[in-house]
């Protein structure tokens, strides 16, 4: 089994999948870092102060002004109100929500990347694990070996898991190292407020607790990893069902983008919460943002994702072991 | 060589998979199973940042409080009288001017009173060299509702509540900051082009008079009238909503205030 996994890893490396991901991340993170740096600079110029309290207070005032506009939709208003309550909570407890530094950057980068960027990277790994064997014709060579089919597939699946972990390692290390060049490497022990819950459109602070930022990051990475695994499993399944990398990636991409669009509209369509694409923002639960459909919780989203993931895995194995290959 | 690289890659991946698994289970543990536990904010973790309080002490610090006039609603450049005032002051003086605009559209005196109880606002109030204030317009006009029935029985309770709030606001400001000059911008009559202008003008004049009386109870508060600015050519100086000033209107107010500030 270990040899099989080793073999699959070798293929991934030879096909330069890992390298491609490292390069993409290494190219994009400096861009984000620069953008973030520019934003911080303009804010400072405008306010004429580096004091975060003044900046945060100004943000609160701006948010309040947006609330007083009569043209914003009810859902959006709720979101803003929750964010407002949160900002006020930070200010009242004298905690800076965004100490500039490598860990803060990585934290917000993961928040942003969890719905689209990281799933895309996962797809680069997972989408052609099986289908490339079909298109290259190597599947026959592989299956003529005296090994059970399910073992071959399992080795591919496990390789996928490891590759996803490695990818997250690369992403978090690169984003910390590169952004640290600009923002410095401090702030690992900075307190982060977590445990905000949203009930009936109101922010509840009764379960709030403080975590050092590195603990928060670790939890966040765990959740990101889970999301990536589910996306990986589904791409893996499509790769088997469609036997074509392009089609598999296309379907997956369309679903993800549809999910991103739906997230903004779903609050009136309640059963949309059972779609996996709407449950990808797991990190929002840590941060205490309002979920796309009211009443969604971390447990709920994890269950939905698990069900989808397990179903995908089961389908993959059933189809792969039963299918005629010729 | 290649083989060794793959082995290392594999072992790193496996190791990190375990780390991630740990992170996931930790997140699960603290969110799903400890949700009943209420955690108090531990005091020692709260960041202490002494010495930061004085960062704003170079140059002049101007704090603007109030409603949509402070925000600049109606000015196409978005500056409002505050922005134009700062521009003007900056052109006169080399000193660095720091502005903090805390105006919120539609704010009434009661809302302002609760706003200035916030810690950060109080900190800024204590540090300010000048405080600019526009308040009362929403108390009086209530988004135009007052115009439907501008009778004394209607206005009187509004005015009473407003004056009480204003007194408390100024009291707060003075307690926190004894040295800052406070400019209280008066109301103009946005409806002076209407037919029953005599009546609304009278209400606004009375309102302004009472406000200025309250201001006079405290030292270093300058009441800045704007009624006359908009008296003759209101339409030229009003935005298309016929309520807020336009760019020109804000310029008039800014010029008037600018002529009062000298350092």
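Placed from the backbone N, Cα and C atoms, the Cβ positions cover glycine too.
Your range for transmembrane segment, going by TrEMBL and the list A:249-269, A:270-290, is A:249-269. The largest share of C-beta pairs under 8 angstroms with the transmembrane segment (A:157-183) comes from A:18-37, of the ranges A:18-37, A:223-242, A:249-269, A:298-320. Per-stretch counts of Cβ pairs under 8 Å to the transmembrane segment (A:223-242) identify A:113-136 as the leading one among A:113-136, A:249-269, A:298-320.
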